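Everything below concerns the one structure shown next.
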Amino acid sequence: MKLKSGEFSPIFHLIMGISFVLLSIILFISLGAVKIPFRDIILAFFDKSQNSLYNRIIFNLRLPRILGTLLIGAILAIAGNDFQMIIKNPLADPFIIGISSGASFGAVIYTALKSVYGINLPFGIEFFAFVFALIATLITFTLAKEGKKIPVVSLILSGVIVGFVFNSISTLFTVLFWQNLLHVNFWLMGSTGNIVWSDLIILSIFLVLQVLVNFIFKKHIEVVAMGDDISIFSGINPEKIKLIVLVINVLSVSVVVSKAGIIGFVGLIIPHLVRKLTGPDIYFSTIGSLIYGGIFLGYADLFSRYLFRPTELPIGVTTSIVGAPIFILIMKRGRKI
């Protein structure tokens, strides 16, 4: 890619992003209801045997939450980047097109069944979240499709309708089973406060799957992004590629929702920023979304828990405050990046 005078290469932006992530992790660990000096953070990592208050806060509470937040931000940003490419719509985002609402409804259904009837299935909450997220996605696309195209306005309206329906039913369940679902309302607005070390494993697995799919099918996805006619002319089955990308990302977003609730606009904001910095190449846009999605959600989480200490603001509220104006701006300009 030829650079203009004063421009930096995509690799430079990625290196800067990685450096910023590493520095930010120290900041995220330090700030909270209890402020931890940088010196004690360094000592804690070099001597984990100490059973001090700081060590317990770092390794039992903050570090799993911070790493989980970075992984969740990365997953949501990559999902947004992929949806925008294969749907060819700059406003495609797991939150806007109803995937998150469908997944949260599935999670609420399973939580209600588990609490009321004692049903306990391995990976039950993730499975229910995925099934209903897939249903929500199919309904949204079916409603929005006009011929072979999915217009921006139709996608938004369909996503809003589907999201509203699933959120309404979720609210109904929390009212009917309020004694068993008291914790659900806060979780539905997005919270990474319950992330534990074991959650990091499953989040990492699905993040790796997203990256692998994008790297393995790089040329296919980039051709599909140019249009179905070009894909067919190039010998690529666009529907097959769309299905693969769709299923992997819906599954990944479902896992995120099952762990942290609904967190909106990450998949809308970050891909636009990343493609502006690195260009449309899917290698760079995927890694860039991974890095900057994590950074964005990390600082959103820091804002949510530090500025309102000793309580905290749901992280989904914070991302919506930032994302809603940007969403309006992108829609108004009709920008296609």
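Heads up, the Cβ atoms here are built off N, Cα and C, so glycines get one too.
Predicted automatically and left uncurated, TrEMBL annotations should be read as such.
Features as listed in TrEMBL:
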- 12-37: transmembrane segment (TRANSMEM)
- 57-79: transmembrane segment (TRANSMEM)
- 91-113: transmembrane segment (TRANSMEM)
- 119-143: transmembrane segment (TRANSMEM)
- 155-175: transmembrane segment (TRANSMEM)
- 195-217: transmembrane segment (TRANSMEM)
- 243-270: transmembrane segment (TRANSMEM)
- 282-300: transmembrane segment (TRANSMEM)
- 312-331: transmembrane segment (TRANSMEM)
Contact yes or no, the transmembrane segment (195-217) and the transmembrane segment (282-300), 3+ Cβ pairs under 8 Å, gap 6+: yes
Folded-back contacts onto the transmembrane segment (282-300), same chain, C-beta under 8 angstroms, at least six residues removed: 10, 13-14, 17-18, 20-21, 24-25, 28, 66, 69-78, 80-81, 85, 207, 210-211, 214-215, 218, 221-222, 263, 266-267, 269-271, 273-275, 315, 318-319, 322
Other parts of the chain folded back onto the transmembrane segment (243-270), taken as Cβ under 8 Å at six or more residues beyond its ends: 68, 72-73, 75-83, 86, 91-96, 99-101, 103-104, 106-107, 125-126, 129-130, 133-134, 137, 187-192, 194-195, 199, 202-203, 206-207, 209-210, 213, 217, 221, 289, 292-293, 296-297, 314-316, 319-320, 322-324, 326-327, 330
Non-local residues, at least 6 beyond the ends, that sit with Cβ under 8 Å of the transmembrane segment (119-143): 97-107, 109-111, 113, 150, 154-155, 157-159, 161-163, 166, 202, 246-247, 250-251, 253-255, 257-258
